[in-house]
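Enquirer: Encoded as C-alpha cells, here's the structure I'll be asking about.
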C-alpha cells in the first residue's frame with residue numbers, strides 16, 4: 001500500500017462543489033469514479049485539503065489516497081486524466097510518506113478572487129470572473145486588505161451555515177488586491193479559512209471599493225464578530241483555490 | 001420603420017451554431033426571441049453577416065432588422081441584453097440606412113483562431129482554445145500564411161458539405177500567425193470565406209507547424225482544388241468571427 005498525493009485543477013462551473021453530496025454532481029465523485037475504474041471496481045476514498053463551494057474553481061487543490069497499484073509515479077497523471085472529464089485535470093502526482101494528510105498537514109492555503117471591473121460584461125469569462133460595473137477605488141481596497149492580515153477572530157466573516165463549533169480565530173498571512181487592466185485580483189493566504197470567509201471578505205472589500213464603506217470598516221467588522229455587519233457574500237464564480245502548501 | 005444594425009458577441013459553446021435549424025438551440029433563435037419579446041409577441045427576422053458553426057464564437061458578428069419601435073439608439077443595447085442569455089451580448093446598436101444589408105454590404109470579414117500550444121491542456125479555456133501538444137514551428141506556419149494571401153480558387157479548403165454552387169474564388173487580404181506565450185493566434189481577413197474554410201486552413205497550417213508538411217504544401221493544395229489533399233478540419237472551439245467591416 002502506498003500513499004499518493006495529487007494536485008488537481010478544476011472548473012467548478014458545472015459542479016455542486018468539491019465534496020460529495022446527495023443533490024448534484026461533485027468533483028470528489030468524479031475523482032473517486034476515475035480511481036474506482038483504475039482499481040477494477042474497488043472503491044478508493046480521497047481526502048482533499050478541504051472543500052470548495054458550488055461553481056468555485058481550483059488550480060491547486062490537493063488530495064491524497066492509498067493504493068495497492070504499482071503504477072510508476074510518472075504514469076499516474078495520464079492514467080487519471082484519461083478517466084476524468086474535461087473540466088478536471090490532474091496537474092501532478094507524488095508518492096508521499098504513509099502518514100501524509102492532505103488536510104491536516106496543510107500549513108498555508110491561498111485563494112485568489114478575480115473581478116472584471118468595467119462597464120460591459122465579458123461573456124467569455126462569465127464563469128471565471130465576477131463582473132463589477134461600478135468604479136472600484138483600488139487604494140481604498142488595498143488599505144482595507146492590510147487590516148485583514150494577522151490573527152483575528154473572523155466570526156463576522158463566516159457564513160451562519162458553518163458547521164464549525166470551535167474557535168473562529170484564523171491567521172491571514174497575506175491579503176492584497178491589484179489592478180491589472182480591467183481586472184482586479186484579490187489574493188489571500190492563511191492558516192485556514194472559515195466557511196464563505198473569502199467570499200464575504202471580497203464582498204466587503206467591493207463595498208469599500210465602491211466608496212460605500214471606509215477601509216476601517218474591516219476593523220469594526222472584525223471587532224463586531226457579527227456576520228450581519230459584514231458585506232454581502234461575493235458570487236462563487238470569481239473564486240479559485242490557488243495553492244496549498246505543505247511542510 | 002427603421003433599420004437597426006447590431007454588433008453581437010457570443011460564446012458558441014452551448015449552441016448548434018448561429019443559424020436557426022431544427023435540431024439544437026441557435027444564436028439567431030435567442031436573438032429573435034429577445035426581439036419578439038420587445039415587440040410584444042410580433043416576429044422580427046434578423047439577417048446576419050453570415051452563419052457560424054456549432055461551438056464557434058463571435059466577438060464581432062453583425063446583423064440587421066427592421067422595427068417600428070421608437071426606442072432611442074442608446075437604450076436599444078440594454079433593452080436587448082436584458083432579454084438575452086448570459087452567453088450572448090449586444091456590444092453596440094446603430095441606426096442604419098433603409099437599404100443597409102448585414103450580409104451583402106460586408107466588404108471584409110476577419111476570423112481569428114486561437115491555439116493553446118503546450119504539453120498540458122488548460123481546463124479554463126477548453127471551450128475557447130484548441131489544445132495542440134506538439135511543438136509548432138511558427139516560422140514555417142508564417143511562411144505558409146503568405147501563400148494563402150491573394151485571390152485563389154479555395155475549392156480544396158471548402159467542406160464537401162457546402163451548398164455553394166458557384167465560384168469558390170475568394171480573396172484573402174491578410175493571413176498571419178503569431179506566438180504569444182503558449183498561445184498561437186491565426187488571423188484571416190478576406191472578402192468572404194467558404195464553408196469550413198478557416199478551420200481547414202488552420203488544420204493544414206497546424207500540420208505544417210508540426211513539420212508533417214512543407215510550407216509550400218499550401219500552394220500545391222490550392223492548385224489541386226481537391227478537399228482530400230488539404231489537412232484536417234481544425235476543431236470549432238478555437239474559432240472566433242472577429243470583425244465584419246462595411247463601407
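Residue numbers in this text run from 1 along the chain shown.
From the backbone N, Cα and C atoms, a Cβ is placed for every residue, glycine too.
As the structure is a computational prediction, the values presented were derived from the model and not from experiment.
Per TrEMBL, domain 'Pseudouridine synthase I TruA alpha/beta' is recorded for B:8-105, B:144-246. The annotation active site, nucleophile is assigned in TrEMBL to B:53. TrEMBL lists B:111 with the feature substrate binding site.
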Enquirer: Would you mind listing, in sequence order, the residues at least six apart from the residue listed as 'substrate binding site' in the same chain with a Cβ closer than 8 Å to its Cβ?
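Expert: Those within reach of the residue listed as 'substrate binding site', by Cβ under 8 Å and sequence separation of 6 or more, are B:187, B:188, B:193, B:198, B:239, B:240, B:241, B:242.
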Enquirer: Using a 10 Å radius around its CB, how many other CB atoms surround residue B:53 (active site, nucleophile)?
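Expert: Neighbour count, Cβ to Cβ under the 10 Å cut-off: 19.
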Enquirer: Per DSSP, what is the helix/strand/coil residue tally across the domain 'Pseudouridine synthase I TruA alpha/beta' (B:144-246)?
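Expert: For the domain 'Pseudouridine synthase I TruA alpha/beta' (B:144-246), the helix, strand and coil counts are 32 helix, 32 strand, 39 coil.
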Enquirer: How would DSSP class residue B:53 (active site, nucleophile) in three states?
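Expert: Note: residue B:53 (active site, nucleophile) is coil by DSSP, not helix or strand.
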